[in-house]
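> According to TrEMBL:
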- 6-26: transmembrane segment (TRANSMEM)
- 38-58: transmembrane segment (TRANSMEM)
- 78-96: transmembrane segment (TRANSMEM)
- 130-147: transmembrane segment (TRANSMEM)
- 167-187: transmembrane segment (TRANSMEM)
- 191-245: coiled coil (COILED)
- 249-271: transmembrane segment (TRANSMEM)
- 291-315: transmembrane segment (TRANSMEM)
Amino acid sequence: MVDLASWVLRVVYFYGHLIGVSNFEFDWRTGRVFAPKWTTFYAIAINSTMFILYSYHWIGITNMMNLFFGKANKLHEYVVIIMTGIKIVAGLVTVLNRWRQRCQMMDLARNVIQLFLNCPQLKKISRLGVLVKFFTGVVTDFLQVIITLDAMGRVDPQYYLGISLQYWMSAILNLATSQHYLIVLFIRSHYQILNIELRQVIEESKELSRNPPGQGVFMTRCCFLADQLEDIAKIQSQLQSIMNQLEQVFGLQGMMVQSGYYMSMVATAYLTYSVLRNGYEAMQMTFRGLILTSAWCFFYYFDVMLNLVVMLFVLDEHKKLLLLLEERTLFAPGLDVRLEQSFESFQLQVTHNPLKIDVVKMYEINRSSSMSMFASFIMHSIYLIQYDLENF
(Lines of atoms letter the chains of each structure in order from A and count residues from 1; the text may use other names and numbers.)
(Lines give C-alpha, C1' and ligand atoms only; values in the text may rest on other atoms or scores of the structure.)
Protein backbone atom coordinates (compact mmCIF):
# COMPACT_ATOMS: atom_id res chain seq x y z
CA MET A 1 0.00 0.00 0.00
CA VAL A 2 1.28 3.45 -0.98
CA ASP A 3 2.20 5.70 1.95
CA LEU A 4 0.46 8.90 0.81
CA ALA A 5 2.10 11.11 3.45
CA SER A 6 5.60 10.03 2.38
CA TRP A 7 4.68 10.49 -1.28
CA VAL A 8 3.38 14.00 -0.58
CA LEU A 9 6.55 14.95 1.30
CA ARG A 10 8.67 13.76 -1.65
CA VAL A 11 6.52 15.77 -4.09
CA VAL A 12 6.91 18.91 -1.96
CA TYR A 13 10.66 18.28 -1.78
CA PHE A 14 11.17 17.98 -5.55
CA TYR A 15 8.69 20.76 -6.36
CA GLY A 16 10.65 23.11 -4.10
CA HIS A 17 13.78 22.44 -6.15
CA LEU A 18 11.92 22.77 -9.44
CA ILE A 19 10.57 26.30 -8.83
CA GLY A 20 13.71 27.58 -7.11
CA VAL A 21 12.70 27.68 -3.43
CA SER A 22 15.14 25.02 -2.18
CA ASN A 23 18.90 25.35 -2.68
CA PHE A 24 20.17 22.27 -0.81
CA GLU A 25 19.28 18.59 -0.45
CA PHE A 26 18.68 16.13 2.37
CA ASP A 27 18.17 12.41 2.79
CA TRP A 28 15.05 11.42 4.78
CA ARG A 29 16.50 7.99 5.58
CA THR A 30 19.82 9.10 7.09
CA GLY A 31 19.14 12.72 8.09
CA ARG A 32 22.11 13.92 6.03
CA VAL A 33 21.80 17.52 4.78
CA PHE A 34 24.15 18.61 2.00
CA ALA A 35 24.53 21.07 -0.88
CA PRO A 36 25.88 19.42 -4.06
CA LYS A 37 27.28 21.61 -6.82
CA TRP A 38 24.57 20.82 -9.37
CA THR A 39 21.79 21.76 -6.91
CA THR A 40 23.54 25.04 -6.09
CA PHE A 41 24.10 25.78 -9.79
CA TYR A 42 20.46 25.03 -10.71
CA ALA A 43 19.13 27.17 -7.85
CA ILE A 44 21.41 30.07 -8.86
CA ALA A 45 20.38 29.72 -12.51
CA ILE A 46 16.62 29.61 -11.90
CA ASN A 47 16.67 32.38 -9.28
CA SER A 48 18.78 34.59 -11.54
CA THR A 49 16.41 33.93 -14.42
CA MET A 50 13.48 34.96 -12.26
CA PHE A 51 15.12 38.24 -11.22
CA ILE A 52 16.16 39.04 -14.79
CA LEU A 53 12.66 38.40 -16.14
CA TYR A 54 11.08 40.47 -13.40
CA SER A 55 13.49 43.34 -14.06
CA TYR A 56 12.68 43.15 -17.76
CA HIS A 57 8.93 43.11 -17.25
CA TRP A 58 8.66 45.41 -14.21
CA ILE A 59 7.26 48.38 -16.13
CA GLY A 60 4.40 46.36 -17.56
CA ILE A 61 3.08 44.96 -14.26
CA THR A 62 0.62 47.79 -13.56
CA ASN A 63 -1.07 47.48 -16.92
CA MET A 64 -1.13 43.72 -16.66
CA MET A 65 -3.06 43.75 -13.38
CA ASN A 66 -5.92 45.67 -14.96
CA LEU A 67 -6.65 42.58 -17.01
CA PHE A 68 -7.96 40.77 -13.95
CA PHE A 69 -10.14 43.50 -12.42
CA GLY A 70 -10.64 46.02 -15.16
CA LYS A 71 -10.61 49.81 -14.74
CA ALA A 72 -13.79 50.52 -12.82
CA ASN A 73 -12.00 53.36 -10.98
CA LYS A 74 -8.54 54.39 -9.82
CA LEU A 75 -9.06 52.97 -6.33
CA HIS A 76 -9.49 49.47 -7.79
CA GLU A 77 -6.25 49.91 -9.67
CA TYR A 78 -4.33 51.13 -6.62
CA VAL A 79 -5.65 48.32 -4.42
CA VAL A 80 -4.67 45.65 -6.93
CA ILE A 81 -1.25 47.18 -7.56
CA ILE A 82 -0.47 47.38 -3.81
CA MET A 83 -1.68 43.82 -3.21
CA THR A 84 0.33 42.49 -6.16
CA GLY A 85 3.40 44.54 -5.25
CA ILE A 86 3.46 43.11 -1.72
CA LYS A 87 3.19 39.58 -3.13
CA ILE A 88 6.07 40.19 -5.55
CA VAL A 89 8.28 41.71 -2.85
CA ALA A 90 7.40 38.87 -0.44
CA GLY A 91 8.38 36.28 -3.06
CA LEU A 92 11.66 37.99 -3.93
CA VAL A 93 12.51 38.46 -0.23
CA THR A 94 11.79 34.77 0.36
CA VAL A 95 14.19 33.72 -2.41
CA LEU A 96 16.93 36.13 -1.28
CA ASN A 97 16.51 35.08 2.35
CA ARG A 98 16.99 31.43 1.39
CA TRP A 99 20.49 32.32 0.17
CA ARG A 100 21.27 34.72 3.02
CA GLN A 101 20.35 32.11 5.64
CA ARG A 102 21.28 29.00 3.73
CA CYS A 103 23.44 27.55 6.52
CA GLN A 104 20.74 28.23 9.12
CA MET A 105 18.13 26.60 6.86
CA MET A 106 20.31 23.52 6.48
CA ASP A 107 20.80 23.33 10.24
CA LEU A 108 17.04 23.65 10.77
CA ALA A 109 16.35 20.91 8.21
CA ARG A 110 18.90 18.67 9.95
CA ASN A 111 17.21 19.14 13.33
CA VAL A 112 13.71 18.54 11.96
CA ILE A 113 14.72 15.39 10.07
CA GLN A 114 16.52 14.03 13.13
CA LEU A 115 13.36 14.65 15.14
CA PHE A 116 11.40 12.80 12.48
CA LEU A 117 13.78 9.83 12.47
CA ASN A 118 13.78 9.54 16.28
CA CYS A 119 9.98 9.30 16.40
CA PRO A 120 8.60 6.93 13.72
CA GLN A 121 4.97 7.44 14.83
CA LEU A 122 5.26 11.14 13.99
CA LYS A 123 4.37 10.49 10.35
CA LYS A 124 1.21 8.59 11.29
CA ILE A 125 -0.03 11.34 13.63
CA SER A 126 0.78 14.06 11.07
CA ARG A 127 -0.71 12.23 8.07
CA LEU A 128 -4.09 13.98 8.02
CA GLY A 129 -2.54 17.44 8.38
CA VAL A 130 -0.05 16.70 5.58
CA LEU A 131 -2.75 15.44 3.21
CA VAL A 132 -5.17 18.32 3.90
CA LYS A 133 -2.41 20.88 3.33
CA PHE A 134 -1.33 19.14 0.13
CA PHE A 135 -4.92 19.05 -1.17
CA THR A 136 -5.59 22.73 -0.53
CA GLY A 137 -2.20 23.70 -1.95
CA VAL A 138 -2.69 21.66 -5.13
CA VAL A 139 -6.23 22.97 -5.67
CA THR A 140 -5.11 26.57 -5.06
CA ASP A 141 -2.22 26.24 -7.53
CA PHE A 142 -4.45 24.41 -10.05
CA LEU A 143 -7.06 27.17 -9.94
CA GLN A 144 -4.28 29.73 -10.27
CA VAL A 145 -3.10 27.96 -13.43
CA ILE A 146 -6.63 27.95 -14.88
CA ILE A 147 -7.09 31.64 -14.06
CA THR A 148 -3.70 32.36 -15.66
CA LEU A 149 -4.60 30.44 -18.83
CA ASP A 150 -8.02 32.11 -18.93
CA ALA A 151 -6.32 35.53 -18.73
CA MET A 152 -3.88 34.54 -21.47
CA GLY A 153 -6.79 33.64 -23.70
CA ARG A 154 -8.13 37.21 -23.44
CA VAL A 155 -4.94 39.24 -23.86
CA ASP A 156 -2.19 39.93 -26.33
CA PRO A 157 0.99 37.80 -26.23
CA GLN A 158 2.92 40.75 -24.76
CA TYR A 159 1.24 40.07 -21.41
CA TYR A 160 2.07 36.34 -21.27
CA LEU A 161 5.40 36.83 -19.50
CA GLY A 162 3.93 39.02 -16.78
CA ILE A 163 1.04 36.65 -16.11
CA SER A 164 3.42 33.66 -15.97
CA LEU A 165 5.70 35.50 -13.53
CA GLN A 166 2.71 36.23 -11.30
CA TYR A 167 1.91 32.53 -11.15
CA TRP A 168 5.57 31.66 -10.50
CA MET A 169 5.72 34.08 -7.57
CA SER A 170 2.48 32.69 -6.12
CA ALA A 171 3.88 29.16 -6.38
CA ILE A 172 7.07 30.21 -4.54
CA LEU A 173 5.11 31.78 -1.68
CA ASN A 174 2.71 28.83 -1.42
CA LEU A 175 5.58 26.33 -1.30
CA ALA A 176 7.56 28.37 1.24
CA THR A 177 4.55 28.70 3.57
CA SER A 178 3.84 24.97 3.11
CA GLN A 179 7.37 24.15 4.29
CA HIS A 180 6.81 26.32 7.37
CA TYR A 181 3.43 24.64 7.97
CA LEU A 182 4.90 21.13 7.78
CA ILE A 183 7.63 21.92 10.32
CA VAL A 184 5.10 23.42 12.74
CA LEU A 185 2.79 20.43 12.14
CA PHE A 186 5.57 18.00 13.08
CA ILE A 187 6.29 20.01 16.24
CA ARG A 188 2.60 19.97 17.17
CA SER A 189 2.36 16.21 16.56
CA HIS A 190 5.45 15.58 18.69
CA TYR A 191 3.91 17.67 21.47
CA GLN A 192 0.86 15.41 21.30
CA ILE A 193 3.09 12.37 21.77
CA LEU A 194 4.90 14.02 24.67
CA ASN A 195 1.62 14.87 26.39
CA ILE A 196 0.46 11.26 26.10
CA GLU A 197 3.74 10.01 27.56
CA LEU A 198 3.69 12.66 30.30
CA ARG A 199 0.12 11.71 31.22
CA GLN A 200 1.23 8.08 31.62
CA VAL A 201 4.18 9.09 33.83
CA ILE A 202 1.94 11.27 36.01
CA GLU A 203 -0.73 8.61 36.40
CA GLU A 204 1.81 5.99 37.39
CA SER A 205 3.50 8.44 39.77
CA LYS A 206 0.15 9.11 41.42
CA GLU A 207 -0.42 5.41 41.85
CA LEU A 208 3.06 4.91 43.31
CA SER A 209 2.61 7.77 45.76
CA ARG A 210 -0.74 6.47 47.01
CA ASN A 211 -0.12 2.72 46.92
CA PRO A 212 3.64 2.17 47.15
CA PRO A 213 4.77 -1.44 46.48
CA GLY A 214 7.77 -3.11 48.12
CA GLN A 215 10.88 -0.98 48.63
CA GLY A 216 12.91 -2.57 45.80
CA VAL A 217 10.11 -2.35 43.24
CA PHE A 218 9.24 1.18 44.39
CA MET A 219 12.79 2.49 43.86
CA THR A 220 13.08 0.75 40.47
CA ARG A 221 9.79 2.21 39.22
CA CYS A 222 10.65 5.71 40.48
CA CYS A 223 14.03 5.64 38.75
CA PHE A 224 12.40 4.39 35.53
CA LEU A 225 9.79 7.16 35.64
CA ALA A 226 12.48 9.76 36.39
CA ASP A 227 14.40 8.60 33.30
CA GLN A 228 11.23 8.87 31.20
CA LEU A 229 10.50 12.33 32.54
CA GLU A 230 14.03 13.54 31.80
CA ASP A 231 13.72 12.22 28.24
CA ILE A 232 10.40 14.07 27.82
CA ALA A 233 11.96 17.27 29.17
CA LYS A 234 14.90 16.92 26.79
CA ILE A 235 12.66 16.44 23.75
CA GLN A 236 10.41 19.34 24.79
CA SER A 237 13.48 21.56 25.01
CA GLN A 238 14.52 20.44 21.52
CA LEU A 239 11.04 21.17 20.14
CA GLN A 240 11.07 24.66 21.62
CA SER A 241 14.58 25.23 20.28
CA ILE A 242 13.44 24.21 16.78
CA MET A 243 10.44 26.52 17.10
CA ASN A 244 12.72 29.43 18.02
CA GLN A 245 15.06 28.53 15.19
CA LEU A 246 12.10 28.42 12.80
CA GLU A 247 11.07 31.94 13.84
CA GLN A 248 14.58 33.24 13.18
CA VAL A 249 14.94 31.59 9.77
CA PHE A 250 11.42 32.32 8.52
CA GLY A 251 10.99 35.61 10.40
CA LEU A 252 11.46 38.06 7.51
CA GLN A 253 9.49 35.84 5.15
CA GLY A 254 6.76 35.51 7.78
CA MET A 255 6.48 39.29 8.17
CA MET A 256 6.11 39.77 4.41
CA VAL A 257 3.65 36.89 4.03
CA GLN A 258 1.54 38.08 6.97
CA SER A 259 1.46 41.58 5.48
CA GLY A 260 0.46 40.08 2.15
CA TYR A 261 -2.32 38.04 3.78
CA TYR A 262 -3.67 41.12 5.51
CA MET A 263 -3.62 43.33 2.42
CA SER A 264 -5.06 40.52 0.32
CA MET A 265 -7.98 40.07 2.74
CA VAL A 266 -8.76 43.79 2.71
CA ALA A 267 -8.45 43.95 -1.07
CA THR A 268 -10.63 40.87 -1.54
CA ALA A 269 -13.35 42.31 0.71
CA TYR A 270 -13.28 45.61 -1.21
CA LEU A 271 -13.26 43.98 -4.66
CA THR A 272 -16.10 41.65 -3.61
CA TYR A 273 -18.11 44.72 -2.65
CA SER A 274 -17.25 46.31 -6.02
CA VAL A 275 -18.43 43.26 -7.95
CA LEU A 276 -21.69 43.12 -5.98
CA ARG A 277 -22.26 46.85 -6.45
CA ASN A 278 -21.21 47.29 -10.08
CA GLY A 279 -21.56 43.78 -11.51
CA TYR A 280 -18.74 41.66 -12.85
CA GLU A 281 -19.21 43.02 -16.38
CA ALA A 282 -18.34 46.54 -15.20
CA MET A 283 -15.16 45.08 -13.70
CA GLN A 284 -14.33 43.60 -17.12
CA MET A 285 -14.65 40.06 -15.76
CA THR A 286 -16.32 37.11 -17.41
CA PHE A 287 -18.74 34.89 -15.51
CA ARG A 288 -16.27 32.00 -15.81
CA GLY A 289 -13.52 34.25 -14.45
CA LEU A 290 -15.75 35.25 -11.54
CA ILE A 291 -16.45 31.61 -10.63
CA LEU A 292 -12.78 30.64 -10.90
CA THR A 293 -11.66 33.62 -8.82
CA SER A 294 -14.29 32.90 -6.15
CA ALA A 295 -13.20 29.25 -5.93
CA TRP A 296 -9.55 30.28 -5.75
CA CYS A 297 -10.28 32.76 -2.93
CA PHE A 298 -12.09 30.06 -0.93
CA PHE A 299 -9.21 27.58 -1.09
CA TYR A 300 -6.56 30.28 -0.72
CA TYR A 301 -8.03 31.63 2.51
CA PHE A 302 -8.73 28.12 3.77
CA ASP A 303 -5.02 27.49 3.27
CA VAL A 304 -4.25 30.70 5.17
CA MET A 305 -6.40 29.47 8.06
CA LEU A 306 -4.51 26.16 8.10
CA ASN A 307 -1.22 28.06 8.49
CA LEU A 308 -2.62 30.03 11.42
CA VAL A 309 -4.48 27.21 13.15
CA VAL A 310 -1.50 24.84 13.23
CA MET A 311 0.53 27.46 15.14
CA LEU A 312 -2.32 28.02 17.60
CA PHE A 313 -2.55 24.24 18.10
CA VAL A 314 1.14 24.13 19.06
CA LEU A 315 0.45 26.74 21.74
CA ASP A 316 -2.55 24.68 22.91
CA GLU A 317 -0.44 21.53 23.22
CA HIS A 318 2.21 23.43 25.17
CA LYS A 319 -0.50 24.73 27.51
CA LYS A 320 -1.76 21.17 28.01
CA LEU A 321 1.77 20.14 28.98
CA LEU A 322 1.89 22.92 31.59
CA LEU A 323 -1.46 21.84 33.02
CA LEU A 324 -0.30 18.24 33.22
CA LEU A 325 2.81 19.23 35.15
CA GLU A 326 0.66 21.10 37.67
CA GLU A 327 -0.95 17.78 38.61
CA ARG A 328 2.22 16.86 40.49
CA THR A 329 0.74 18.78 43.42
CA LEU A 330 -1.79 15.94 43.74
CA PHE A 331 0.91 13.38 44.53
CA ALA A 332 0.94 11.95 48.02
CA PRO A 333 4.22 12.58 49.91
CA GLY A 334 6.89 9.92 49.86
CA LEU A 335 7.99 9.66 46.23
CA ASP A 336 11.65 9.11 45.45
CA VAL A 337 13.76 12.29 45.67
CA ARG A 338 15.12 11.90 42.14
CA LEU A 339 11.62 11.65 40.65
CA GLU A 340 10.50 14.70 42.61
CA GLN A 341 13.53 16.63 41.40
CA SER A 342 12.86 15.58 37.79
CA PHE A 343 9.33 16.95 37.99
CA GLU A 344 10.54 20.15 39.60
CA SER A 345 13.33 20.62 37.05
CA PHE A 346 10.92 20.07 34.13
CA GLN A 347 8.40 22.50 35.56
CA LEU A 348 11.07 25.15 36.06
CA GLN A 349 12.28 24.58 32.51
CA VAL A 350 8.90 25.30 30.89
CA THR A 351 8.03 28.09 33.35
CA HIS A 352 11.24 30.09 32.92
CA ASN A 353 11.31 29.56 29.15
CA PRO A 354 7.71 30.04 27.94
CA LEU A 355 6.83 29.13 24.37
CA LYS A 356 5.98 32.17 22.26
CA ILE A 357 5.47 32.43 18.51
CA ASP A 358 6.30 35.86 17.19
CA VAL A 359 7.23 37.44 13.87
CA VAL A 360 10.66 39.16 13.87
CA LYS A 361 9.98 40.22 17.49
CA MET A 362 7.34 42.68 16.23
CA TYR A 363 4.14 40.94 17.26
CA GLU A 364 3.14 37.67 18.87
CA ILE A 365 0.90 35.10 17.22
CA ASN A 366 -1.83 33.85 19.54
CA ARG A 367 -5.62 33.83 19.67
CA SER A 368 -5.82 37.33 21.05
CA SER A 369 -3.60 38.88 18.37
CA SER A 370 -5.43 36.89 15.67
CA MET A 371 -8.79 38.28 16.79
CA SER A 372 -7.32 41.79 16.90
CA MET A 373 -6.01 41.37 13.38
CA PHE A 374 -9.40 40.13 12.19
CA ALA A 375 -11.12 43.14 13.78
CA SER A 376 -8.57 45.44 12.12
CA PHE A 377 -9.26 43.76 8.78
CA ILE A 378 -13.00 44.44 9.11
CA MET A 379 -12.36 48.06 10.11
CA HIS A 380 -10.00 48.79 7.20
CA SER A 381 -12.30 47.05 4.73
CA ILE A 382 -15.16 49.31 5.88
CA TYR A 383 -12.94 52.40 5.58
CA LEU A 384 -12.01 51.43 2.02
CA ILE A 385 -15.63 50.83 1.04
CA GLN A 386 -16.67 54.16 2.62
CA TYR A 387 -13.95 55.95 0.67
CA ASP A 388 -15.22 54.35 -2.52
CA LEU A 389 -18.81 55.43 -1.80
CA GLU A 390 -17.76 58.99 -1.08
CA ASN A 391 -15.38 59.54 -3.98
CA PHE A 392 -16.36 57.24 -6.87
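From the backbone N, Cα and C atoms, a Cβ is placed for every residue, glycine too.
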> Hey, which of 38-58, 78-96, 130-147, 291-315 has the most Cβ-Cβ pairs under 8 Å against the transmembrane segment (249-271)?
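Highest pair count goes to 78-96.
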> Under an 8 Å Cβ to Cβ limit, what residues of the same chain, 6 or more beyond the ends of the transmembrane segment (291-315), are close to it?
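For the transmembrane segment (291-315), the far contacts come to 68, 129, 132-133, 136-137, 139-140, 143-144, 146-147, 150, 174, 177, 180-181, 184-185, 187-188, 191, 243, 261, 265, 268, 285, 355, 357, 365-367, 370.
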